[in-house]
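What TrEMBL records for this protein:
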type	residues	note
TRANSMEM	A:26-46	transmembrane segment
TRANSMEM	A:52-70	transmembrane segment
TRANSMEM	A:82-99	transmembrane segment
TRANSMEM	A:105-124	transmembrane segment
TRANSMEM	A:131-149	transmembrane segment
TRANSMEM	A:174-194	transmembrane segment
TRANSMEM	A:224-246	transmembrane segment
TRANSMEM	A:258-287	transmembrane segment
TRANSMEM	A:294-311	transmembrane segment
Amino acid sequence: MTISHLLSARAARNVHVVRATRSAKLSAVVLAAAAAVLAALPFLVFSTVTDTLINLFVLIALASMWNLLAGFGGLVSVGQQAYIGIGAYSLVALADLGVQPYLAVPLAALTCAVFALPTSWLAFRLRGDYFAVGTWVIAEVYRLLVVRVDSLGGASGKSLSGLSGIDATLRGALTYWIALALALATIAGCYLLLRGRLGLSLMAVRDEETAAASAGIDVRRAKLLVYLVSAAGCGAAGGVITLSSLSVNPDSIFSVQWSAYMIFIVVIGGIGFIEGPLIGALIFFALQQLLADFGSWYLVLLGVVGIVAALRLPRGLWGLVPGPSLFPIGYLVRRSDGPA
Amino acid sequence: MAPLLRLDGVAKSFGQVVVARDLSLSVEPGEALGIVGPNGAGKSSLFAMISGDLRPDGGTVWLDGRDVTGAAPHARTRAGIGRTFQVPRPFGHLTVFENVLVCAHQGAGLRGRQAQAHAMGVLERVGLAELANTPAGRLALLQRKRLEVARAVGTGPRLLLLDEVAGGLTEPEVAELVAVVRELHAGGLGVVWIEHVVHALVKTVGRMICLAGGDVVADGEPLRVLADQRVRELYLGAGPEAGAEEGS
């Protein structure tokens with residue numbers, strides 16, 4: 001197009017666009033080193049430590065998926081436990097069919113994406129608060145359906161088969177590595193997704209849906225994609241939870257508590273930042289460990305922290321951190337006209 | 001050659017209120033059409049039906065000889081319609097540059113460096129280049145209006161729909177905006193411009209229509225439309241922005 005050429009030629013001369021700053025590259029190296037140390041832990045520490053860390057990795061993965069959905073896609077769901085549950089049950093069912101449970105984790109993710117597609121037709125008819133409540137209802141419906149299936153253990157749940165042949169220490173280490181890989185994959189996945197053209201469209205949709213459509217964005221498709229990715233991520237997390245607990249119980253795996261955790265973590269960590277779920281999960285995990293002996297006071301304190309964070313820190317803890325992002329997804333324009 | 005835009009018997013009403021009554025009009029490629037009319041005449045609804053945000057009750061909308069009556073807004077943007085919103089709707093958390101870049105990606109179908117250069121070129125043209133890295137949510141009204149134009153142009157349109165972009169601006173700002181639109185128009189872009197600041201229109205468009213009650217009351221050369229008796233009566237006898245002719 002002539003106008004486009006006319007305009008671009010004028011601008012291209014003295015402008016360049018930067019994506020990643022030097023400090024961001026440094027932080028990537030630090031993160032990679034941290035991941036390497038974490039990967040070596042099963043050789044260095046007792047399995048009680050690594051077993052606890054599995055919990056942290058699952059929380060990071062779940063919170064990242066919720067942040068992607070709500071913080072970048074603008075889809076505030078209270079029903080992602082639907083996919084945690086479906087993922088967990090898929091793993092159990094696949095193991096029953098003879099699939100190696102560790103290899104069944106990605107298949108559980110895929111199964112969730114398949115379930116998420118028709119579910120989205122229903123959920124996307126609702127907006128805002130109604131979407132939130134609707135997703136919760138959908139999760140409950142999935143729980144009620146699962147409970148009706150006798151081969152899945154009904155209301156009492158089912159234990160995971162196919163791992164009895166593996167030594168307990170090795171099993172713990174394998175589960176740990178898979179949980180670590182899941183946490184890293186969700187963070188890297190969010191980063192790569194958001195850094196691309198699709199990520200920019202998503203953020204535009206989140207900020208202004210009508211204007212996004214006028215910008216040429218297929219709003220429905222963008223939302224659907226982020227919904228499917230989030231479902232798959234939560235499904236994989238559900239699979240890892242089951243690998244770790246070796247059984248699945250419908251009431252706990254489909255519990256709305258998972259959504260409460262995800263929201264809490266993302267809100268205190270910083271919604272709309274890739275770093276948010278990471279920081280939030282670390283804090284939540286620390287609180288869990290520190291306050292575990294305080295019984296119901298643990299929940300009270302957690303509630304207080306959540307309320308204070310929501311009131312005082314609308315952008316979460318990461319919102320307080322000045323300086324460049326660890327995961328730069330934006331564009332920085334540098335102009336070199338005038339005396340440099 | 002098919003007209004760039006053609007509306008054929010378009011009708012729309014909200015209950016008793018008729019915003020379009022069997023409206024037909026066409027815009028040739030590269031033509032600039034101004035639309036005036038009192039508040040509630042159906043101007044913004046007409047835009048919404050062209051851009052796809054509002055589905056007409058009847059009639060057909062053609063773009064380049066293609067029936068787009070059933071097409072979604074994003075599809076129409078990709079087909080070559082770029083629109084601004086009367087009340088600016090920036091992507092508040094994105095920078096000014098990113099606001100236009102997303103239009104270059106999704107609307108114009110550009111990628112990588114090409115998209116970036118296009119977005120930057122658009123920003124320079126509308127005078128927002130200095131603010132490229134500013135979050136759009138922090139912009140003042142004038143800058144938001146410019147960003148609306150920048151985003152619409154960023155989609156690489158053949159037809160630019162401007163909805164009261166001069167409203168609320170000072171005289172020098174209006175003059176600057178007129179210069180921008182004139183240059184875009186000179187580059188071959190078709191323009192349909194709704195505006196209450198009539199003298200800005202007179203300087204830019206080659207043809208003007210006056211809408212009232214969902215009907216085209218007058219259609220033709222701008223000064224002749226403004227001199228039309230019915231148009232003057234619609235503006236309470238004073239004529240739209242009395243003195244516009246002398247001022248231009």
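For all residues, glycine too, the Cβ spot is worked out from N, Cα and C.
Please treat TrEMBL annotations as automatic predictions, because they have not gone through curation.
Model, not experiment: these values are computed from the prediction.
When each of A:26-46, A:52-70, A:224-246 is scored by its Cβ pairs under 8 Å to the transmembrane segment (A:82-99), the top-ranked stretch turns out to be A:224-246. Remote same-chain partners of the transmembrane segment (A:105-124), defined as residues 6 or more beyond its termini with a Cβ less than 8 Å from a stretch Cβ, comprise 77, 79, 82-83, 86-88, 90-91, 94, 99, 131, 134-135, 138, 142, 178, 182, 220, 223-224, 227-229, 231-236, 238-240, 243.
Counting Cβ pairs closer than 8 Å and at least 6 residues apart in sequence, the transmembrane segment (A:258-287) and the transmembrane segment (A:26-46) reach fewer than three and form no contact. Contact between the transmembrane segment (A:174-194) and the transmembrane segment (A:294-311) is not supported: fewer than 3 Cβ pairs lie under 8 Å, counting only residues 6 or more apart in sequence. Panel annotation: around the transmembrane segment (A:26-46), residues 53, 172-173, 176-177, 180, 184, 326 of the same chain, lying at least six beyond its termini, place a Cβ under 8 Å from a Cβ of the stretch.
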